[in-house]
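A.B. asks: Would you mind keeping the following structure in view while I ask a few things?
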Amino acid sequence: MKKIAVLISGQGNNLQAIIDACQTQQIPAEIVCVISNKANAFGLIRAQSAGIFSRVFLRNNFESNLAMDQSIADELDKFDVDLIVLAGYMKILTPEFIQRFEGKIINIHPSLLPKYPGLNTYQRALDAGDREHGTTVHFVNEEVDNGAIILQAKVPIFDDDTVEVIEARTREQEYRIYPIVVKWFVENRLKLQNGVAYLDDIPLPEQGYANK
């Protein structure tokens, strides 16, 4: 059975979606480790409730970002993980970490990448007068929110929507599509080759699988 590690910083809602999918065998894999860079992350309680090993790595305990990431990587190697899932992990990974686990790290971002990388995506979409928003699952490379896109889900934006409404609508889709991508990976259907995402040995288009 494939082994998954999940990196978190906060509530762990996407973590919970993946825990649930593993427990129901939608995802035929095991989450073996949850790592947080915040000691008070609620996701740690979710991991504990599910009987999953967890550990906290705090930046101020390390001389550098590189030293911290090396320590996290060493921890992950103990578990021989097949996939690293970033689920609201609010710290940029070092290039050395990404290279060490190349093709094994995925992230979910609350926008239709390449539109709106970075933070405050809901507000930016609202300010721009966009009529749709969404979420993107992608492989992680050394540029922030720039790895090969795997799957996207779109949501509408209506005239009276607030940031909170758009966020809630988008998050519903996150919890739906992230487990799908994890399932693809652990079933060996999804892989990264030369910076391109492949599903069932077919290269995905630049926008991945877009759910309209």
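Including glycine, each Cβ sits where the backbone N, Cα and C put it.
Remember, TrEMBL labels are computer predictions, not curated facts.
So TrEMBL lists the following for this protein:
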- 2-181: domain 'Formyl transferase N-terminal' (DOMAIN)
- MET90, LYS91, ILE92, LEU93, ASN107: (6R)-10-formyltetrahydrofolate binding site (BINDING)
- HIS109: active site, proton donor (ACT_SITE)
- ASP145: site 'Raises pKa of active site His' (SITE)
A.B. asks: Can you grab the distance from ASN107 ((6R)-10-formyltetrahydrofolate binding site) over to ASP145 (site 'Raises pKa of active site His')? Cα atoms, rounded to a whole Å.
C.D. replies: 8
A.B. asks: Could you check the recorded positions MET90, ILE92, HIS109, ASP145 and say which one's CB has the most other CB atoms within 10 Å?
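C.D. replies: Of the recorded positions MET90, ILE92, HIS109, ASP145, the most buried by Cβ count within 10 Å is HIS109.
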A.B. asks: Within 10 Å of the Cβ of ASN107 ((6R)-10-formyltetrahydrofolate binding site), how many other Cβ atoms can be counted across all chains shown?
C.D. replies: 23
A.B. asks: Please name which of the binding-site residues listed here, MET90, LYS91, ILE92, is nearest in space to the residue listed as 'active site, proton donor', Cα against Cα.
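C.D. replies: Comparing Cα positions, the candidate nearest the residue listed as 'active site, proton donor' turns out to be MET90.
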A.B. asks: Based on DSSP, name the secondary structure state of the residue listed as 'active site, proton donor': helix, strand or coil.
C.D. replies: strand
A.B. asks: Do you know offhand how many angstrom separate LYS91 ((6R)-10-formyltetrahydrofolate binding site) and ASP145 (site 'Raises pKa of active site His') by C-alpha?
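C.D. replies: Distance between the two Cα atoms comes out at 12 Å.
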A.B. asks: The record lists MET90, LYS91, ILE92, LEU93, ASN107 as binding (6R)-10-formyltetrahydrofolate. What's the largest Cα to Cα distance among them, in Å, rounded to a whole number?
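C.D. replies: About 12 Å separates the two most distant Cα atoms.
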A.B. asks: Take every residue in the domain 'Formyl transferase N-terminal' (2-181), average their pLDDT values, and give the whole-number result.
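C.D. replies: Taking every residue in the domain 'Formyl transferase N-terminal' (2-181) and averaging pLDDT yields 98.
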